[in-house]
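Okay, structure first, notes after.
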Amino acid sequence: MSDQHQNLAIIGHVDHGKSTLVGRLLYETGSVPEHVIEQHKEEAEEKGKGGFEFAYVMDNLAEERERGVTIDIAHQEFSTDAYDFTIVDCPGHRDFVKNMITGASQADNAVLVVAADDGVAPQTQEHVFLARTLGIDELIIGINKMDLVDYKESSYKEVVSEVTDLLNQVQFNTDDAEFIPISAFEGDNIAEESENTDWYDGNILLEALNNLPAPEPPTDAPLRLPIQDVYTISGIGTVPVGRIETGVMNVGDNVSFQPSDVGGEVKTIEMHHEEVPKAEPGDNVGFNVRGIGKDDIRRGDVCGPADDPPSVAETFQAQVVVMQHPSVITAGYTPVFHAHTAQVACTIESIDKKMDPSSGEVAEENPDFIQSGDAAVVTIRPQKPLSIEPSSEIPELGSFAIRDMGQTIAAGKVLSVDGK
Ligand code: GDP
């Protein structure tokens with residue numbers, strides 16, 4: 001165990017091997033609980049499965065996925081010398097992309113899994129784009145299923161070059177990306193150097209994870225705690241729950257919920273079923289505030305200090321990148337915005353500037369429309385009150401995704417907020 005913590009996302013196209021890699025990481029780091037192994041041992045022996053210990057892990061993950069268990073899957077943990085990792089989101093989540101956007105699963109760094117036999121695929125693009133927009137610091141790219149391409153260096157290089165092009169396209173600094181040829185299934189270059197890739201002399205995956213830069217905990221920023229749910233618990237009362245994105249919450253603090261615009265004094269804070277005097281960024285907490293009833297607050301509210309309350313936007317200006325949209329986007333378009341735990345229909349009131357994606361310079365003032373691949377500065381008017389912050393001040397509360405027709409069509413960062 002180590003005391004440094006990292007939230008890690010595993011991203012990539014469906015079937016490229018994300019679950020298998022999670023299973024492999026848990027297995028190689030000894031993070032599979034004994035009872036899980038016991039549970040599957042007899043069955044695996046009966047079936048005469050080879051390499052059955054790894055199969056236990058995979059069976060367990062698959063089973064959780066079938067049952068739609070999200071809590072367990074969302075909190076897989078393993079450790080290296082330097083860090084305790086929490087896998088903040090896992091394949092199998094029905095709404096993986098949406099979860100990537102909400103603060104609840106904000107990752108510091110990510111592993112992108114790309115199958116060597118398939119290369120860059122639609123969700124590879126989507127996830128890389130989101131990782132870039134939502135501020136993932138470093139990307140480790142596992143070129144997976146190397147066993148299926150006979151561990152050929154030429155196949156590896158081909159996929160590396162495809163991914164590099166993609167990273168350049170979204171302006172992800174390739175200095176912050178590390179490529180590793182792996183097989184999640186066979187275990188190549190995960191915990192040990194593989195004999196099958198003697199042409200490769202870089203880090204193996206666990207080394208690369210161990211060498212990631214330490215995330216800086218945003219404890220200096222004001223408290224921002226997006227509310228995920230509100231419960232009524234007998235003996236306590238109203239208990240909002242959520243993850244602290246920035247700042248610190250202490251018992252006795254005066255807090256404000258926005259945009260519901262109510263507040264009070266924090267009476268108790270609970271974490272992992274225990275009362276605690278204070279909670280910090282990354283902590284999932286339930287708490288109780290004097291005088292607040294269940295109907296006073298809701299999911300999508302943000303809790304902050306009463307003397308530095310969360311901003312509420314009448315309008316906000318943002319930089320967006322359009323990822324995929326079947327037609328053009330014009331002023332007046334009103335899709336659903338997902339920001340932290342809030343989902344609010346917002347109108348794109350004006351398209352102020354179109355940017356040249358390669359240089360970042362203004363390409364056109366007040367364009368009539370934008371379309372897939374375009375980056376633009378737009379002014380947005382939420383149709384219901386929305387708490388959101390400028391990305392330059394509180395990045396954790398300054399990004400959003402735009403969803404329509406079941407897809408993420410754009411993502412963006414808040415430049416400024418015009419409040420009430
Ligand atoms: P996910 O959808 O990205 O989570 O992909 P899965 O982990 O479910 O893997 C999809 C399929 O690819 C499964 O049948 C896996 O057994 C297989 N797979 C995953 N990794 C590897 C690998 O390294 N080599 C081979 N040959 N198959 C793999």
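Heads up, the Cβ atoms here are built off N, Cα and C, so glycines get one too.
Annotated domain 'Tr-type G' per TrEMBL: 3-219, in sequence order.
Residues or ranges marked as GTP binding site in TrEMBL: 12-19, 89-93, 144-147. Its own atom aside, the Cβ of Ser19 (Mg(2+) binding site) has 22 Cβ atoms within 10 angstroms in the protein chains shown.
Annotation comment: TrEMBL describes Ser19 as Mg(2+) binding site. According to its DSSP assignment, Ser19 (Mg(2+) binding site) is helical.
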Under 8 Å Cβ to Cβ from Asp15 (GTP binding site), same chain, six or more residues apart: give me those in sequence order, or none if nothing qualifies.
Ala115
Counting every protein chain present, what is the number of Cβ atoms, excluding its own, within 10 Å of the Cβ of Lys18 (GTP binding site)?
28
Could you find out if DSSP has Gly12 (GTP binding site) as helix, strand or coil?
strand
Give the distance between the Cα atoms of Gly12 (GTP binding site) and Ser19 (Mg(2+) binding site), rounded to the nearest whole Å.
10
Residues satisfying Cβ distance under 8 Å from Met146 (GTP binding site), sequence separation of at least 6:
Ala116, Ser155, Tyr156, Pro181, Ile182, Ser183, Asp188, Asn196, Thr197
Average model confidence [pLDDT] within the domain 'Tr-type G' (3-219):
81
